[in-house]
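Visitor: Quick paste from Swiss-Prot:
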type	residues	note
BINDING	Gly33, Gly34, His35, Asp52, Phe79, Asp98, Gln105	S-adenosyl-L-methionine binding site
Amino acid sequence: MEIPHIPVLLNEVQEIFKNLKTGYFLDCTLGFGGHSETLLKNHPGLKFIACDQDQQALEFSKKRLKDFHNRITFIQSNFSEVLEKISHKEELRGILADIGVSSFQLDNNERGFSVNSDFLDMRMNQNSKISAYEVVNAYTKEQLTSIFKDYGELHDAHFIAEKICLERSKNLIKSAKELYQIIGKGKQNHRKISKATLAFQAIRIEVNQELKVLKDFLGYLENLKPKNCILAIISFHSLEDRIVKNFFKKWSKNCICDEKIMRCKCGNNHSLGQIITKKSISASKEELLKNSRSSCAKMRAFYFNNLDNK
């Protein structure tokens, strides 16, 4: 079986979860099963719940992981909703979310993620109603400007939005190739990534509501208050990493009083656990040589030791 995607930070993921023995493991973003396959092999006492919103990826992984069929349950869902759908929440001992786009999605022309694609789609869940085509051709100039500024952190977001609106007034933009030509190949000051790449990334985030999905997922976990469970999240965008970092920081605090208050009044017992990774973990030099797409990957991990399940 030809594997269409290389899992990032595989050794680092194994290290984070190396002490897990029994219970349930939730792979929130199964993809093509690389992380789960390795963990299934190394942790025979664990049962797995594998989730992905991409039907193609899910079908592939079902075949890839068929030897573990008695230990794994598959669910098609966005990872922000999967915790609502599963049982055995109290037995969760490990949770992994790799929230990047897979190589298969990037390289598949029909999915419309690549700047070279003949399509304009970018939906991770192909049943979703809004695609990149709708965003590019139907959003107002103000909406596009906001997307490019907030998600792409582009200084000339207004100018790019204006160019898109001008071109689509002549003819609707039907492919990623066309969009790439409109935006141009230039780079933003002090950044190695092209403006087009940043703009495409911003559109993809909007199409899939990626930041909202991440916040919803972390918010649900905060309310769930797992116990004796390790959470690891791999992100590929500074905005996502910032969200994860801030949630972990919040969860690790015992005192939640306003900083202006001189003496604690909250009880000083609100911590959900400890941050495992003092700083984000990035790909090794060896991995970068084998898989250049791992260059943006950052992993952070948190241990929920909420023994009283407050």
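Backbone N, Cα and C atoms are what each Cβ position is placed from, and that goes for glycine too.
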Visitor: Give the helix, strand or coil assignment DSSP yields for Gln105 (S-adenosyl-L-methionine binding site).
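Guide: Its secondary structure by DSSP: helix.
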Visitor: How many other Cβ atoms are found within 10 Å of the Cβ atom of Asp52 (S-adenosyl-L-methionine binding site), counting all protein chains shown?
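Guide: Its Cβ has 28 other Cβ atoms within 10 Å.
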Visitor: In the structure shown, which of the binding-site residues Gly34, His35, Phe79 has the fewest other Cβ atoms within 10 Å?
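Guide: Minimum Cβ neighbour count within 10 Å, taken over the binding-site residues Gly34, His35, Phe79, occurs at Gly34.
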Visitor: Long-range neighbours only, meaning 6 or more apart in sequence with Cβ under 8 Å: which ones does Gly33 (S-adenosyl-L-methionine binding site) have?
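Guide: The list for Gly33 (S-adenosyl-L-methionine binding site) reads Ala50, Phe60, Ser61, Arg64, Leu65, given in order along the sequence.
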Visitor: Are there any residues at least 6 positions away along the chain from Asp98 (S-adenosyl-L-methionine binding site) with a Cβ closer than 8 Å to its Cβ? List them or say none.
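Guide: Counting only residues 6 or more apart in sequence, the Cβ neighbours of Asp98 (S-adenosyl-L-methionine binding site) under 8 Å are Pro7, Val8, Thr29, Gly31, His35, Ile233, Ile234.
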Visitor: Sequence gap of 6 or more, C-beta under 8 Å: which same-chain residues meet both conditions with respect to Gln105 (S-adenosyl-L-methionine binding site)?
Guide: Asp54, Arg111, Phe113, Met124
Visitor: Largest pairwise Cα distance, Å, within the listed S-adenosyl-L-methionine binders Gly33, Gly34, His35, Asp52, Phe79, Asp98, Gln105?
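Guide: Result: 17 Å between the two most distant Cα atoms.
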